[in-house]
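**Student:** Swiss-Prot lists Gly55, Pro56, Pro57, Gly58, Thr59, Gly60, Lys61, Thr62 with the feature ATP binding site. Feature annotation from Swiss-Prot assigns N-acetylalanine to Ala2.
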Amino acid sequence: MASSSSTSTGDGYNEPWVEKYRPSKVVDIVGNEDAVSRLQVIARDGNMPNLILSGPPGTGKTTSILALAHELLGTNYKEAVLELNASDDRGIDVVRNKIKMFAQKKVTLPPGRHKVVILDEADSMTSGAQQALRRTIEIYSNSTRFALACNTSAKIIEPIQSRCALVRFSRLSDQQILGRLLVVVAAEKVPYVPEGLEAIIFTADGDMRQALNNLQATFSGFSFVNQENVFKVCDQPHPLHVKNIVRNVLESKFDIACDGLKQLYDLGYSPTDIITTLFRIIKNYDMAEYLKLEFMKETGFAHMRICDGVGSYLQLCGLLAKLSIVRETAKAP
């Protein structure tokens, strides 16, 4: 079903809500108050340094730099900004050709303003491309500023890091995501129940982009946002099912817990999906603190083994066995 008449911009085309509701001003960006306040100072003073914006996906890195560039350059944005996704354009030729040619281009800008090169997913650039970029940043420092968005700043070579101001972003809180979702559902007239939005927040895990995409997908597919519809669309292990597994472990019902795990595994969920949901359920489960710490430790070790490639039903059952042993040990006098 079409999302809403307000979303349509052409026949049969629905604009993604993640683009439609992307903030155009730095002050409107949700969460990461410290990072946003630093960018607001840059927007006000107009003296933009080279920047590295580092943090998890969907936390506002690209949106922040786009909004900053719009505020700094105004009507000159189109001719004074070069946007590249470094995961596609990641080789040394891009730096030597596209970026260098843009840096050499003459653009008339107000005093104190510079051209801006935005490199998204810069941590996927090859080492050779980063070395070439370092030299380009140096040579054209009078006319061009560079903004690099990445998930982990450690993958950016030291010479580039030393030439940039580092702005760190963190995952958004549940309340911050909820606030934005309520704005969108009101604007798009989306019928929902509170449990549906809670499910979207759970599946997003601090990622605003994921939250908006899940909201739009659920509304497009079912025209109503409730818990059941959200988990059908997002195709993640249902947290209530996983919660039952944890409860059965705590109640020393190991066989029933294994049966519940087998059901999830047979539905086609990967061990990574199951253990990630399990970890988040344990983290928020009401149990003794020392027990929760031990459960999280064992889950972390199992996750590490699965990430190393040993992803099997046997590993997951082994984890439940260890959690049961931890529980029995805690009960012993």
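The backbone N, Cα and C atoms fix where each Cβ goes, glycine too.
Explain the structural surroundings of these features, please.
**Tutor:** In the three-state DSSP classification, Pro56 (ATP binding site) falls within coil.
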**Student:** Report the residues of the chain - excluding Gly55, Pro56, Pro57, Gly58, Thr59, Gly60, Lys61, Thr62 - with C-beta within 8 Å of the mean position of the site's C-beta atoms, for the recorded ATP site, in sequence order.
**Tutor:** Ala149, Phe169, Asp207, Met208, Arg209
**Student:** Pick out which of the binding-site residues Pro56, Gly60 has the most other Cβ atoms within 10 Å of its own Cβ.
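**Tutor:** Buried the deepest by this measure is Gly60.
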